[in-house]
Amino acid sequence: MLTPRVLRALGWTGLFFLLLSPSNVLGASLSRDLEHPILSFDPSNISINGAPLTEVPHAPSTESVSTNSESTNEHTITETTGKNAYIHNNASTDKQNANDTHKTPNILCDTEEVFVFLNETGRFVCTLKVDPPSDSEWSNFVLDLIFNPIEYHANEKNVEAARIAGLYGVPGSDYAYPRQSELISSIRRDPQGTFWTSPSPHGNKYFIWINKTTNTMGVEIRNVDYADNGYMQVIMRDHFNRPLIDKHIYIRVCQRPASVDVLAPPVLSGENYKASCIVRHFYPPGSVYVSWRQNGNIATPRKDRDGSFWWFESGRGATLVSTITLGNSGIDFPPKISCLVAWKQGDMISTTNATAIPTVYHHPRLSLAFKDGYAICTIECVPSEITVRWLVHDEAQPNTTYNTVVTGLCRTIDRHRNLLSRIPVWDNWTKTKYTCRLIGYPFDEDKFQDSEYYDATPSARGTPMVITVNGSFGIGCNFRVGDNHDCPMFIHSTRKIFDYNLIVM
């Protein structure tokens, strides 16, 4: 054939063909229908040795182009854009083309998975294999490069089982959802040796090259981010656009955890210890496994009260929280609680750990009593940072209205002390609620408090109540203890009749 001889004369061996960015592409539109893909675009040539082919037309011509040579064969090419396809006829080589249609094509890629870290470049290489080989291999086939994104949704799930004793995790595949596929590029070669491609919709995101000598195609995915997680399809089609081979190469976007922290909130003596392990900003979800240790020994979470959940932050990655509950005897010292985190992707593994020791608080003893016109609060065995706040009818009182003193050290708990605080009672002839509250514990504000009512009513006092009445009226009734008194009153507005005292027993 004429074309192979011409290309061999130009230096077939060692040539690299580069699919450049859309700056070298004239513009195109591609059908997204993957079941029946139809090419409809104005193709652009792929450069040879970095220089564009000058004789390649701007767009496929609707006219037939004939090329005569000194040989007895005529090579005719017909390009039809109205049918959205290329038709290649070679009258002198019908037998050769007939043989080519029976060739067995295949695509061999150097990997099935590409693990690439965030903001870096992922690469893979695929080789076209045709048995038996011929110079027209590329002319008979089309290569489509299709990207199928996979995204993760933020969900919550309790731990169901341990993969290893004490090792828990959330399977990321449970939360993986495919998105709409996207045709990245469609590559074909005409009988003159020129490679054509559709423009990439992502600018310089994808870089594709072809080596005609080794029949290999390389793909680079630059500046990888979370949206690049998914798999590439390399689809080989025949010149009738029928799919022959479909290879999948998974693009695994990777990000090691940015930080690991253990939070162990304070507890009261005798209450269970609780801890949370927070693994921040990793990818993908499901790549992190958490195990727990208590004083260096394996601690196993309980499925009925412990678990893990995660969420995804756009631009930052996934965050996982794992929890554990441990017993508290109330006698032993608080344990060292450790979280061991293993991040795994393929053959890569990264481990880290964090530790926390919870603070244990002891129950204080409070008592409230009234004496000599004061509400007196006695407190035993509190840490030095604890103070007292008084409330009257649940309203906080200024600290200038009461005083608190240290009365000594606690005999049963080291570095704890005893307090006494008092506030004057209100002599307002009613019942008044007084509350002595301890402030400074890392629990609910009303966790430690005592409340009592001070009864200042006359009946509670058990003494006569003297009422002085000044008035200009007359009154006519007799008072007896225990009676209900309905007394008629005669009011005189001009003069004062008398002053008197009513004594009610």
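In case you wondered, yes, glycine gets a Cβ from its N, Cα and C as well.
Feature annotation from Swiss-Prot assigns compositional bias 'Low complexity' to 61-71.
Note on the domain 'Ig-like' (257-355): its mean pLDDT in the predicted model is 89. The annotation domain 'Ig-like' is assigned in Swiss-Prot to 257-355.
If you look up Swiss-Prot, you'll see N45 (among others) marked as N-linked glycosylation site, on the strength of sequence analysis.
Under the heading N-linked glycosylation site, Swiss-Prot lists N90 (among others).
Summarising the annotation, Swiss-Prot assigns N-linked glycosylation site to N99 (among others) and lists sequence analysis as the type of evidence.
Less than 8 angstroms from the CB of N119 (N-linked glycosylation site) sit N223, V224, D225, each of them six or more residues away in the same chain. The N-linked glycosylation site annotation in Swiss-Prot covers N119 (among others).
In this view, N211 (N-linked glycosylation site) is surrounded by 15 other Cβ atoms within 10 Å of its Cβ, with every protein chain counted. In the three-state DSSP reading, N211 (N-linked glycosylation site) counts as strand. Residues or ranges marked as N-linked glycosylation site in Swiss-Prot: N211 (among others).
Neighbour list (N353 (N-linked glycosylation site), Cβ cut-off 8 Å, at least 6 residues apart, same chain): V260, S338, C339, L340, V341. Among the features that Swiss-Prot reports, N-linked glycosylation site is placed at N353 (among others).
Taken from Swiss-Prot, the feature N-linked glycosylation site applies to N399 (among others). Under 8 Å, Cβ to Cβ, and six or more positions away along its own chain, N399 (N-linked glycosylation site) finds R389.
Same-chain residues at least 6 positions away in sequence with a Cβ under 8 Å from that of N428 (N-linked glycosylation site) are, in sequence order, A456. Here Swiss-Prot flags N428 (among others) as N-linked glycosylation site.
The annotation region 'Disordered' is assigned in Swiss-Prot to 51-85.
Under the heading transmembrane segment, Swiss-Prot lists 465-491, citing sequence analysis as support.
Helix, strand and coil counts from DSSP across the domain 'Ig-like' (257-355) read 0 helix, 61 strand, 38 coil.
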